[in-house]
Amino acid sequence: MADRDSGSEQGGAALGSGGSLGHPGSGSGSGGGGGGGGGGGGSGGGGGGAPGGLQHETQELASKRVDIQNKRFYLDVKQNAKGRFLKIAEVGAGGNKSRLTLSMSVAVEFRDYLGDFIEHYAQLGPSQPPDLAQAQDEPRRALKSEFLVRENRKYYMDLKENQRGRFLRIRQTVNRGPGLGSTQGQTIALPAQGLIEFRDALAKLIDDYGVEEEPAELPEGTSLTVDNKRFFFDVGSNKYGVFMRVSEVKPTYRNSITVPYKVWAKFGHTFCKYSEEMKKIQEKQREKRAACEQLHQQQQQQQEETAAATLLLQGEEEGEED
(Lines of atoms letter the chains of each structure in order from A and count residues from 1; the text may use other names and numbers.)
(Lines give C-alpha, C1' and ligand atoms only; values in the text may rest on other atoms or scores of the structure.)
Protein backbone atom coordinates (compact mmCIF):
# COMPACT_ATOMS: atom_id res chain seq x y z
CA MET A 1 0.00 0.00 0.00
CA ALA A 2 2.75 2.41 -0.73
CA ASP A 3 1.65 5.95 -1.45
CA ARG A 4 3.64 8.93 -2.57
CA ASP A 5 2.98 12.10 -0.61
CA SER A 6 2.95 12.46 3.16
CA GLY A 7 1.19 15.10 5.17
CA SER A 8 3.55 14.72 8.09
CA GLU A 9 6.72 14.77 5.98
CA GLN A 10 6.10 17.78 3.75
CA GLY A 11 9.27 19.77 3.55
CA GLY A 12 11.32 16.92 5.03
CA ALA A 13 14.51 15.45 3.65
CA ALA A 14 14.45 12.64 1.11
CA LEU A 15 14.65 9.22 2.69
CA GLY A 16 16.74 6.22 1.79
CA SER A 17 15.15 2.84 1.29
CA GLY A 18 15.72 -0.35 3.20
CA GLY A 19 18.33 -0.37 5.91
CA SER A 20 18.61 -1.88 9.31
CA LEU A 21 17.67 -0.03 12.48
CA GLY A 22 20.63 -0.14 14.81
CA HIS A 23 19.69 -2.54 17.56
CA PRO A 24 21.99 -5.45 18.23
CA GLY A 25 20.75 -8.64 16.70
CA SER A 26 18.68 -6.98 13.99
CA GLY A 27 18.77 -8.06 10.38
CA SER A 28 20.73 -6.01 7.91
CA GLY A 29 17.82 -5.05 5.70
CA SER A 30 14.23 -5.60 4.82
CA GLY A 31 15.03 -8.56 2.62
CA GLY A 32 15.68 -12.16 3.53
CA GLY A 33 18.52 -11.65 6.01
CA GLY A 34 19.19 -12.19 9.52
CA GLY A 35 18.49 -12.89 13.05
CA GLY A 36 16.51 -9.81 14.07
CA GLY A 37 12.92 -11.00 13.83
CA GLY A 38 11.30 -12.59 16.85
CA GLY A 39 8.81 -15.41 17.09
CA GLY A 40 6.86 -15.87 13.88
CA GLY A 41 8.26 -12.54 12.73
CA GLY A 42 11.80 -13.88 12.54
CA SER A 43 13.44 -13.50 9.18
CA GLY A 44 14.59 -16.26 6.90
CA GLY A 45 17.58 -18.47 7.44
CA GLY A 46 21.05 -17.49 6.52
CA GLY A 47 23.26 -14.50 6.96
CA GLY A 48 22.65 -10.91 7.91
CA GLY A 49 22.60 -11.37 11.69
CA ALA A 50 24.92 -9.51 14.03
CA PRO A 51 28.53 -10.67 13.93
CA GLY A 52 30.14 -12.78 16.61
CA GLY A 53 28.23 -13.37 19.82
CA LEU A 54 26.49 -9.98 19.82
CA GLN A 55 23.25 -11.52 18.65
CA HIS A 56 23.00 -13.64 21.80
CA GLU A 57 23.01 -10.51 23.95
CA THR A 58 19.51 -9.69 22.70
CA GLN A 59 16.78 -11.64 24.46
CA GLU A 60 13.31 -12.10 23.05
CA LEU A 61 10.63 -11.68 25.73
CA ALA A 62 7.37 -12.01 23.81
CA SER A 63 5.91 -12.07 20.32
CA LYS A 64 2.46 -11.51 18.82
CA ARG A 65 1.18 -11.95 15.28
CA VAL A 66 -1.64 -9.93 13.72
CA ASP A 67 -3.06 -10.87 10.30
CA ILE A 68 -4.69 -8.02 8.39
CA GLN A 69 -5.94 -8.68 4.86
CA ASN A 70 -3.03 -10.27 2.96
CA LYS A 71 -0.35 -9.04 5.38
CA ARG A 72 1.20 -10.42 8.53
CA PHE A 73 2.45 -8.16 11.30
CA TYR A 74 4.77 -9.37 14.06
CA LEU A 75 5.28 -7.48 17.29
CA ASP A 76 8.35 -8.67 19.21
CA VAL A 77 9.44 -7.40 22.62
CA LYS A 78 13.21 -7.74 23.01
CA GLN A 79 15.77 -6.77 25.59
CA ASN A 80 19.48 -6.01 25.46
CA ALA A 81 22.01 -4.06 27.49
CA LYS A 82 20.31 -0.79 26.52
CA GLY A 83 16.91 -1.93 27.76
CA ARG A 84 13.67 -3.21 26.33
CA PHE A 85 12.43 -2.33 22.89
CA LEU A 86 9.77 -3.35 20.40
CA LYS A 87 10.28 -4.55 16.84
CA ILE A 88 7.35 -4.37 14.43
CA ALA A 89 7.71 -6.36 11.21
CA GLU A 90 5.37 -6.28 8.22
CA VAL A 91 5.44 -9.27 5.86
CA GLY A 92 3.54 -8.81 2.61
CA ALA A 93 2.01 -11.44 0.35
CA GLY A 94 5.23 -11.64 -1.66
CA GLY A 95 7.37 -12.12 1.42
CA ASN A 96 8.75 -8.58 1.42
CA LYS A 97 9.56 -7.36 4.92
CA SER A 98 9.75 -3.98 6.60
CA ARG A 99 10.68 -3.38 10.22
CA LEU A 100 10.32 -0.59 12.74
CA THR A 101 12.10 -0.34 16.08
CA LEU A 102 10.59 1.50 19.05
CA SER A 103 11.69 1.96 22.62
CA MET A 104 9.00 0.97 25.11
CA SER A 105 8.34 4.62 26.00
CA VAL A 106 7.82 5.45 22.31
CA ALA A 107 5.60 2.36 21.98
CA VAL A 108 3.33 3.83 24.68
CA GLU A 109 3.00 7.11 22.79
CA PHE A 110 2.52 5.21 19.53
CA ARG A 111 -0.32 3.24 21.13
CA ASP A 112 -1.99 6.50 22.17
CA TYR A 113 -1.63 7.93 18.68
CA LEU A 114 -3.18 4.76 17.26
CA GLY A 115 -6.21 5.46 19.44
CA ASP A 116 -6.49 8.94 17.91
CA PHE A 117 -6.26 7.51 14.39
CA ILE A 118 -8.89 4.88 15.20
CA GLU A 119 -11.30 7.58 16.42
CA HIS A 120 -10.64 9.72 13.35
CA TYR A 121 -11.10 6.75 10.99
CA ALA A 122 -14.43 5.91 12.64
CA GLN A 123 -15.70 9.43 11.93
CA LEU A 124 -14.80 9.37 8.24
CA GLY A 125 -17.45 8.80 5.63
CA PRO A 126 -17.29 6.06 3.00
CA SER A 127 -14.33 6.01 0.64
CA GLN A 128 -14.91 7.83 -2.62
CA PRO A 129 -13.84 5.78 -5.66
CA PRO A 130 -11.82 7.68 -8.29
CA ASP A 131 -13.93 8.97 -11.18
CA LEU A 132 -11.16 8.42 -13.70
CA ALA A 133 -8.68 5.58 -13.98
CA GLN A 134 -5.80 8.05 -13.97
CA ALA A 135 -6.94 9.33 -10.59
CA GLN A 136 -5.72 6.06 -9.07
CA ASP A 137 -2.13 7.15 -9.62
CA GLU A 138 -2.58 10.69 -8.37
CA PRO A 139 -1.25 11.40 -4.87
CA ARG A 140 -3.86 12.26 -2.27
CA ARG A 141 -3.34 14.33 0.82
CA ALA A 142 -3.21 12.58 4.16
CA LEU A 143 -6.54 12.30 5.99
CA LYS A 144 -4.70 12.76 9.29
CA SER A 145 -1.00 13.10 10.15
CA GLU A 146 1.10 12.98 13.30
CA PHE A 147 4.77 12.58 14.05
CA LEU A 148 7.09 11.71 16.92
CA VAL A 149 10.69 12.81 17.37
CA ARG A 150 12.88 10.96 19.86
CA GLU A 151 16.64 11.45 19.89
CA ASN A 152 17.89 10.47 16.41
CA ARG A 153 14.65 8.79 15.34
CA LYS A 154 11.55 10.26 13.75
CA TYR A 155 8.24 8.51 13.29
CA TYR A 156 5.77 9.83 10.69
CA MET A 157 2.18 8.59 10.80
CA ASP A 158 -0.21 9.31 7.94
CA LEU A 159 -3.75 8.02 7.51
CA LYS A 160 -4.10 7.83 3.74
CA GLU A 161 -6.34 6.45 1.01
CA ASN A 162 -5.74 4.93 -2.40
CA GLN A 163 -7.63 2.67 -4.81
CA ARG A 164 -7.24 -0.27 -2.39
CA GLY A 165 -8.72 1.57 0.56
CA ARG A 166 -7.58 3.45 3.65
CA PHE A 167 -4.43 2.65 5.56
CA LEU A 168 -2.06 4.05 8.16
CA ARG A 169 1.44 4.52 6.83
CA ILE A 170 4.16 4.60 9.50
CA ARG A 171 7.65 5.65 8.49
CA GLN A 172 10.65 5.60 10.79
CA THR A 173 13.83 7.46 9.91
CA VAL A 174 17.16 7.17 11.71
CA ASN A 175 19.69 9.96 11.42
CA ARG A 176 23.12 8.37 11.61
CA GLY A 177 24.79 11.73 12.15
CA PRO A 178 27.12 13.87 10.05
CA GLY A 179 29.57 11.94 7.93
CA LEU A 180 27.77 8.63 8.44
CA GLY A 181 25.68 8.56 5.32
CA SER A 182 22.15 9.63 4.49
CA THR A 183 19.13 9.20 6.70
CA GLN A 184 17.82 5.63 6.66
CA GLY A 185 14.13 4.81 6.66
CA GLN A 186 11.68 1.93 6.99
CA THR A 187 7.95 2.02 6.29
CA ILE A 188 4.99 -0.19 7.13
CA ALA A 189 1.37 0.24 6.05
CA LEU A 190 -1.47 -0.92 8.30
CA PRO A 191 -4.86 -1.44 6.59
CA ALA A 192 -7.32 0.74 8.47
CA GLN A 193 -9.71 -2.16 9.09
CA GLY A 194 -7.11 -3.79 11.34
CA LEU A 195 -6.05 -0.79 13.42
CA ILE A 196 -8.04 -1.81 16.49
CA GLU A 197 -6.71 -5.37 16.50
CA PHE A 198 -3.15 -4.11 16.02
CA ARG A 199 -3.53 -1.50 18.77
CA ASP A 200 -4.93 -4.08 21.19
CA ALA A 201 -2.02 -6.47 20.54
CA LEU A 202 0.44 -3.63 21.11
CA ALA A 203 -1.34 -2.54 24.29
CA LYS A 204 -1.20 -6.07 25.68
CA LEU A 205 2.57 -6.26 25.15
CA ILE A 206 3.03 -2.85 26.76
CA ASP A 207 0.93 -3.89 29.76
CA ASP A 208 2.93 -7.08 30.19
CA TYR A 209 6.45 -5.89 29.38
CA GLY A 210 6.47 -2.11 29.62
CA VAL A 211 8.75 -0.53 32.20
CA GLU A 212 6.91 -0.65 35.49
CA GLU A 213 6.90 2.74 37.15
CA GLU A 214 4.67 4.38 39.68
CA PRO A 215 2.29 6.63 37.78
CA ALA A 216 3.32 10.24 38.22
CA GLU A 217 0.91 12.53 40.03
CA LEU A 218 0.05 15.14 37.45
CA PRO A 219 -2.50 17.95 37.11
CA GLU A 220 -5.65 17.24 35.16
CA GLY A 221 -5.88 18.56 31.64
CA THR A 222 -8.07 21.48 30.68
CA SER A 223 -9.29 23.22 27.55
CA LEU A 224 -10.64 26.53 26.36
CA THR A 225 -12.63 27.59 23.31
CA VAL A 226 -11.88 30.68 21.24
CA ASP A 227 -14.09 31.39 18.22
CA ASN A 228 -14.11 28.14 16.19
CA LYS A 229 -10.93 26.80 17.80
CA ARG A 230 -10.41 24.75 20.91
CA PHE A 231 -7.15 24.56 22.83
CA PHE A 232 -6.30 21.53 24.97
CA PHE A 233 -3.68 21.57 27.72
CA ASP A 234 -2.64 18.04 28.71
CA VAL A 235 0.14 17.25 31.18
CA GLY A 236 2.07 14.01 30.72
CA SER A 237 5.36 12.41 31.60
CA ASN A 238 7.88 10.05 30.04
CA LYS A 239 11.49 9.08 30.63
CA TYR A 240 12.53 12.60 29.65
CA GLY A 241 10.39 14.21 32.35
CA VAL A 242 7.10 16.07 32.71
CA PHE A 243 5.71 17.98 29.75
CA MET A 244 2.60 19.78 28.57
CA ARG A 245 1.07 19.09 25.18
CA VAL A 246 -0.82 22.12 23.88
CA SER A 247 -3.17 21.17 21.04
CA GLU A 248 -5.01 23.55 18.72
CA VAL A 249 -8.09 21.86 17.26
CA LYS A 250 -10.42 23.08 14.53
CA PRO A 251 -13.09 21.06 12.69
CA THR A 252 -10.64 20.20 9.89
CA TYR A 253 -7.29 20.84 11.51
CA ARG A 254 -5.22 19.77 14.48
CA ASN A 255 -1.75 20.82 15.59
CA SER A 256 0.16 20.48 18.84
CA ILE A 257 3.39 21.41 20.57
CA THR A 258 5.10 19.82 23.57
CA VAL A 259 6.54 22.10 26.25
CA PRO A 260 8.96 20.60 28.83
CA TYR A 261 8.18 21.37 32.46
CA LYS A 262 11.50 23.19 32.95
CA VAL A 263 10.41 26.02 30.64
CA TRP A 264 6.82 26.41 31.80
CA ALA A 265 7.73 29.39 33.98
CA LYS A 266 9.55 31.04 31.07
CA PHE A 267 6.60 30.37 28.78
CA GLY A 268 4.24 31.83 31.37
CA HIS A 269 6.47 34.87 31.87
CA THR A 270 6.68 35.39 28.11
CA PHE A 271 2.90 35.18 27.69
CA CYS A 272 2.36 37.60 30.60
CA LYS A 273 4.97 39.97 29.19
CA TYR A 274 3.30 40.11 25.79
CA SER A 275 -0.12 40.32 27.39
CA GLU A 276 0.96 43.41 29.36
CA GLU A 277 2.60 44.92 26.28
CA MET A 278 -0.55 44.38 24.23
CA LYS A 279 -2.64 45.97 26.99
CA LYS A 280 -0.39 49.04 26.87
CA ILE A 281 -0.53 49.15 23.07
CA GLN A 282 -4.31 48.82 23.06
CA GLU A 283 -4.63 51.46 25.80
CA LYS A 284 -2.48 53.85 23.75
CA GLN A 285 -4.62 53.13 20.72
CA ARG A 286 -7.78 53.84 22.72
CA GLU A 287 -6.29 57.07 24.05
CA LYS A 288 -5.22 58.06 20.55
CA ARG A 289 -8.70 57.35 19.17
CA ALA A 290 -10.27 59.26 22.05
CA ALA A 291 -7.94 62.21 21.43
CA CYS A 292 -8.77 62.14 17.73
CA GLU A 293 -12.49 62.05 18.47
CA GLN A 294 -12.13 64.91 20.94
CA LEU A 295 -10.14 66.94 18.41
CA HIS A 296 -12.74 66.18 15.75
CA GLN A 297 -15.52 67.32 18.07
CA GLN A 298 -13.62 70.51 18.91
CA GLN A 299 -13.05 71.23 15.23
CA GLN A 300 -16.70 70.56 14.47
CA GLN A 301 -17.76 72.82 17.33
CA GLN A 302 -15.43 75.56 16.12
CA GLN A 303 -16.85 75.24 12.62
CA GLU A 304 -20.37 75.51 13.99
CA GLU A 305 -19.44 78.56 16.08
CA THR A 306 -17.72 80.14 13.09
CA ALA A 307 -20.74 79.48 10.90
CA ALA A 308 -23.06 80.97 13.53
CA ALA A 309 -20.85 84.04 13.92
CA THR A 310 -20.76 84.47 10.15
CA LEU A 311 -24.54 84.32 9.94
CA LEU A 312 -24.86 86.81 12.80
CA LEU A 313 -22.43 89.20 11.13
CA GLN A 314 -24.28 88.91 7.83
CA GLY A 315 -27.53 89.70 9.61
CA GLU A 316 -26.07 92.77 11.26
CA GLU A 317 -24.67 94.02 7.95
CA GLU A 318 -28.04 93.56 6.25
CA GLY A 319 -29.71 95.50 9.10
CA GLU A 320 -27.34 98.42 8.72
CA GLU A 321 -28.00 98.57 4.99
CA ASP A 322 -31.75 98.76 5.62
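Placement of Cβ uses the backbone N, Cα and C atoms for every residue, glycine included.
According to Swiss-Prot, the protein carries these features:
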REGION    1-55  region 'Disordered'
MOD_RES   Ala2  N-acetylalanine
COMPBIAS  9-52  compositional bias 'Gly residues'
REPEAT    60-125  repeat 'PUR repeat I'
REPEAT    142-213  repeat 'PUR repeat II'
MOD_RES   Ser182  phosphoserine
REPEAT    215-281  repeat 'PUR repeat III'
REGION    295-322  region 'Disordered'
COMPBIAS  295-314  compositional bias 'Low complexity'
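DSSP assignment over the region 'Disordered' (295-322) gives 27 helix, 0 strand, 1 coil.
Across the repeat 'PUR repeat III' (215-281), the prediction's mean pLDDT works out to 88. The DSSP breakdown of the repeat 'PUR repeat I' (60-125), given as helix, strand and coil counts, is 20 helix, 35 strand, 11 coil.
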